[in-house]
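Features of the protein shown, as given by TrEMBL:
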ACT_SITE  A:E48  active site, proton acceptor
ACT_SITE  A:D59  active site, proton acceptor
Amino acid sequence: MSITEIFAKAKSEDRAVLIGCMPAGFPTVDDSIASMIAMHEAGCDVIEVELPYSDPVMDGPVIQKASDIALAAGVRTRDTLRIIEAVSNAGAPVVLMTYWNPIEKYGVNAFARDLAAAGATGMITPDLIPDEAEEWIAASDEHRIDRTFLVSPSSTDERLAMTVANCRGFVYATALMGVTGARTAVSQQAPDLVARVRHADREMPVGVGLGVGNGKQAAQVAAFADGVIVGSALIRCVLESSDRATGLARLRALSTELAEGVRNPEK
Amino acid sequence: MTAPALPDLSGHFGRYGGRFVPEALVRALDELEAAYRSAKADPEFQAEFEDLLLNYAGTPSLLYPAKRLSAKAGAEILLKREDLNHTGAHKVRNVLGQALLAKRMGKPRVIAETGAGQHGVASATAAALLDLECVVYMGETDTERQALNVARMRMLGATVIPVTNGSRTLKDALNEALRDWVASVDHTHYLLGTAAGPHPFPEIVRDFVGGIGIEARAQCLDQIGRLPDAVAACVGGGSNAIGIFHAFVPDEQVALYGFEAGGDGIATGRHAASITGGSSGVLHGARTYVLQDDDGQTVESHSISAGLDYPGVGPEHAWLHDTGRAEYEPVTDAEAMAAFQLLCRTEGIIPAIESAHAVAGALRIVPALTAELGRTPTIVINLSGRGDKDVHTAGAYFGILDPVETLVPGEQE
């Protein structure tokens with residue numbers, strides 16, 4: 001199923017889409033595949049695979065640490081593609097989240113081709129704005145990969161409209177001015193940002209990320225957004241568990257809780 | 001025909017530069033650019049900046065004919081004495097300009113990244129002078145190596161935050177400063193320390209330090225009645241180099257040489273030479289030359305000089321390299337330290353180890369320049385900083401920190 005279809009289906013069920021994020025190769029290639037499949041089985045509609053990068057400036061301490069562990073274990077860009085292939089073969093829709101340099105190094109067109117071949121439906125680019133994305137837009141059009149750019153509470157209306165116009169699939173609204181990581185309360189800026197996106201484009205699904213960590217917060221965000229994106233809280237399930245079984249059990253439990261949240265929006 | 005002014009309107013130097021940043025920062029970068037354009041056109045702002053440079057920073061710095069070094073080198077060498085500036089380096093020019101800009105934008109807080117601590121100290125200095133809150137991010141490894149600079153920043157009222165993630169050095173301090181800025185951008189200016197990062201930083205920093213080249217060019221004409229044959233500078237992020245190059249770029253008869261930190265040698269992989277030993281990529285907000293592996297992961301840099309120990313370089317240098325207007329060569333730790341010692345012994349000047357790379361490189365190009373010109377060449381070297389901060393490193397390198405040895409001269413083993 002394409003991202004657009006997933007959002008449409010969720011909308012018809014009067015709920016939000018749950019997007020769960022996990023770095024590729026954390027703590028090992030096989031472990032990350034197991035984690036992602038478990039997340040999907042327990043209720044994550046879409047798996048957001050993050051390509052580990054040495055300088056992740058949009059990410060808080062949890063994703064930084066997980067990325068460092070994956071890189072220290074030797075994960076390569078080709079492993080990330082392999083992981084995507086395994087997870088999408090298991091039936092989970094996959095989008096890739098990646099900083100730009102690894103893609104530029106791989107070759108933009110070649111990467112879009114191989115990403116599509118691996119079964120991913122879209123790609124989120126936290127440090128690539130449409131202004132710099134000419135090559136990516138051409139490659140993603142050619143290989144039919146959905147493009148997700150970010151919008152922020154600081155985006156002007158003009159930039160917001162321009163950014164959304166360049167997205168396909170969904171747009172990623174960063175709920176607050178800051179980096180990734182669970183927060184104690186849902187950002188007050190998020191509902192306003194989503195409303196501004198809808199004003200620019202009534203059709204484009206909006207996923208909200210940054211700061212969502214439990215079922216209650218997922219329910220709060222589901223009330224005003226089309227998608228709820230959770231990363232750090234899920235990663236912590238693995239990071240803080242001493243063995244693989246415990247980590248998977250915690251991941252399943254949290255995914256289930258979040259999936260319930262997006263099905264019960266706090267209206 | 002005049003070349004078009006760079007960067008272009010979208011912040012690019014050819015294919016380099018630009019803005020590879022989270023959308024959250026775009027508005028702040030747009031505001032910074034607008035504030036800079038208005039400040040640049042405002043005589044009052046320019047007068048205030050000039051006044052601080054003249055009466056506080058101690059510029060224009062001297063252009064000093066280094067006679068004994070010249071005799072050793074076989075060239076006429078003129079040293080642009082940025083080491084004599086307040087806080088000991090060219091960096092004071094940039095921090096004063098940016099701190100004034102922060103004031104103008106009504107931002108009461110500045111953040112900065114620092115490697116060895118020189119930019120941190122300069123930022124803390126400007127913040128104290130202009131009554132701004134100052135937070136400096138510094139890799140934990142560096143806070144341990146440079147405890148004295150940490151103390152200096154604290155004396156000046158700054159908060160120093162040791163960065164404990166990644167490689168715990170300058171690049172991670174920069175990441176952390178960017179993360180702070182994403183969250184604090186409405187009241188905080190990021191006082192970036194070199195002519196790198198997303199547009200408009202490379203242009204702003206270049207312009208604020210551009211006085212180095214403007215002065216050196218005028219001083220040359222005044223003191224020797226003509227332009228030099230070559231200008232030499234060290235290149236890490238590249239602010240001192242772009243500062244002295246920029247005014248000379250239109251003078252095609254003046255060769256421009258940037259000397260990167262070659263560390264143990266390019267072949268060893270242990271170096272910080274992004275242009276001569278790296279490849280095109282995107283790092284810290286701009287497309288430029290980067291030290292990276294086959295997957296585009298940043299590779300850690302190595303140099304005896306903390307100020308050059310950075311895996312990227314300003315995008316304008318990438319452009320000057322590709323167009324052939326400037327030449328870039330690596331200088332190893334050993335070559336730099338030999339030049340360091342030579343300058344100490346011939347001129348009584350202890351340079352920053354960064355600047356010693358420029359001296360070493362200049363010495364190297366003399367034979368080729370002499371052959372090409374058929375006469376003794378004149379070379380301006382940007383002596384970008386003084387070596388007080390490097391006494392420990394250099395002392396250890398030369399093995400002269402042992403008190404017994406210094407007390408009993410002539411009785412070495």
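Cβ coordinates are placed from backbone N, Cα and C, and glycine is handled just like the others.
For A:D59 (active site, proton acceptor), other Cβ atoms within 10 Å of its Cβ number 25. In this structure, the C-alpha atom of A:D59 (active site, proton acceptor) lies 14 angstrom from that of A:E48 (active site, proton acceptor). The Cβ of A:E48 (active site, proton acceptor) has A:I19, A:G20, A:C21, A:M22, A:V94, A:V95, A:L96, A:M97, A:I124, A:I229, A:G231 as same-chain neighbours under 8 Å, each 6 or more residues away in sequence.
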